[in-house]
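**Student:** Starting off with a structure, shown below.
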Amino acid sequence: MSLLFLVLLSPFPCVLGLPFYNGFYYSNDLSGRTLGNGYGEGLFNGVKLVVETTEESLFSHQGASVTLPCHYHYEPALASPRHVRVKWWKLSENGAPEQDVLVVIGQRHRSFGDYQGRVQLRQDKQQEVSLELRDLRLEDSGRYRCEVIDGLEDESGLVELELRGVVFPYQSREGRYQLNFHEAQQACQEQGAMVATFEQLFRAWEEGLDWCNAGWLQDASVQYPIVLPRQPCGGLGLAPGVRSYGQRHHRLHRYDVFCFAAALKGRVYYLENPKKLTLLEAREACQEDGAQISTVGQLFAAWKFRGLDRCDAGWLADGSARYPIVHPRLNCGPPEPGVRTFGFPDPHTRYGVYCYVQH
């Protein structure tokens, strides 16, 4: 396995507690976390309570349903079943608080917050306490703990849920480096996306994302992925990797942002029209076709997961004009696949339009 590099660009020569070399920090610990061995165990009265979950991350997509597996047993096995209390909660990440998901005691159960009406305990087998989660949302991605409580003893296991999606850089209509952290969060939400995590950006870099503009991530750090080192992007002397400026002030500092859009439940399409349209006409045309004008996140997801390939620029909901290319060809932009952009043209300029219809 080749060595992976994380580079911290900092005006300070060193930071206490980090191994530094020539002012740059290298690490192959990409996430700073592990799921352990997939189970927990505890001993009481000579009997061991064991909770088992999966060691592998689960992958799903927005709008889908998923089951987070969790089982428990006793060693040695008990002759008769015991009453247990089960609790599921989502762990804290990137400064967000822990979230209670579901508590079950016998036939009584209670779900919490945004999980109400979307979760239930699955008990198809004896000593199964898996969590069924419906209508997946972007914010459902993360680590969940399954805890089984038997009297004074409790044991737990972790399950990691990831939504399939695509990371894309996003820039304000005012130009480069115009978004503080809160504006970056809003910008991604308006595009049907959320601010990407470092893990999502790193995975996108592994898949070839190369972008020389620094952008906010979910933990309020500012980073950018480089596949081909070059002078304006950290210099030729640095290895490929994700460059980091570290944490930045939520309000005072301004950058672009990396957004994460989940795989689509619906369909994005280029609306065939005998004439080109202004932005207002484009919105109305999608509505007349029983759809709505596509967001940037929806267009990227359609390009990534549905293979949308069209060499015609079209309006999007944010007032930008873009087009998706899966198979690069003459007169359709650079030689690499991607979503091309014309920026934010005058709203009276005429283009096609990309519409989105939900299945």
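Cβ coordinates are placed from backbone N, Cα and C, and glycine is handled just like the others.
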**Student:** Which one is it, C70, C212, C233, that Swiss-Prot ties to C146 with a disulfide?
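**Tutor:** Matching partner in the record: C70.
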**Student:** Going by Swiss-Prot, tell me which one of C233, C332, C355 is disulfide-bonded to C286.
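**Tutor:** As annotated by Swiss-Prot, the paired cysteine is C355.
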**Student:** With reference to Swiss-Prot, specify which of the listed residues C212, C259 is paired with C233 by a disulfide.
**Tutor:** C212
**Student:** In Swiss-Prot, C188 sits in a disulfide bond; tell me which of C259, C311 is on the other end.
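**Tutor:** That would be C259, the partner Swiss-Prot lists for C188.
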**Student:** For C146 (disulfide bond), just count the other CB atoms lying within 10 A of its CB, please.
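**Tutor:** Its Cβ shell of radius 10 Å holds 27 other Cβ atoms.
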**Student:** Taking each of the disulfide-bonded residues C286, C311 in turn and counting other Cβ atoms within 10 Å of its Cβ, which one has the fewest?
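**Tutor:** Least crowded of the disulfide-bonded residues C286, C311, by Cβ count within 10 Å, is C311.
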**Student:** From the disulfide-bonded residues C212, C259, C332, pick the residue whose C-alpha lies nearest to the C-alpha of C146 (disulfide bond).
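**Tutor:** Nearest by Cα distance to C146 (disulfide bond): C259.
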**Student:** Round to the nearest Å and give the CA-to-CA distance linking C311 (disulfide bond) with C212 (disulfide bond).
**Tutor:** 25
**Student:** How big is the gap, in Å, between the Cα of C332 (disulfide bond) and that of C355 (disulfide bond), rounded to a whole number?
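**Tutor:** With distance taken Cα to Cα, C355 (disulfide bond) is 20 Å from C332 (disulfide bond).
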**Student:** Between C-alpha atoms, which of these disulfide-bonded residues comes nearest to C259 (disulfide bond): C70, C212, C355?
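**Tutor:** Result: the closest of the disulfide-bonded residues to C259 (disulfide bond) is C212.
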**Student:** With H, G and I counted as helix, E and B as strand and the rest as coil, say where DSSP puts C212 (disulfide bond).
**Tutor:** coil
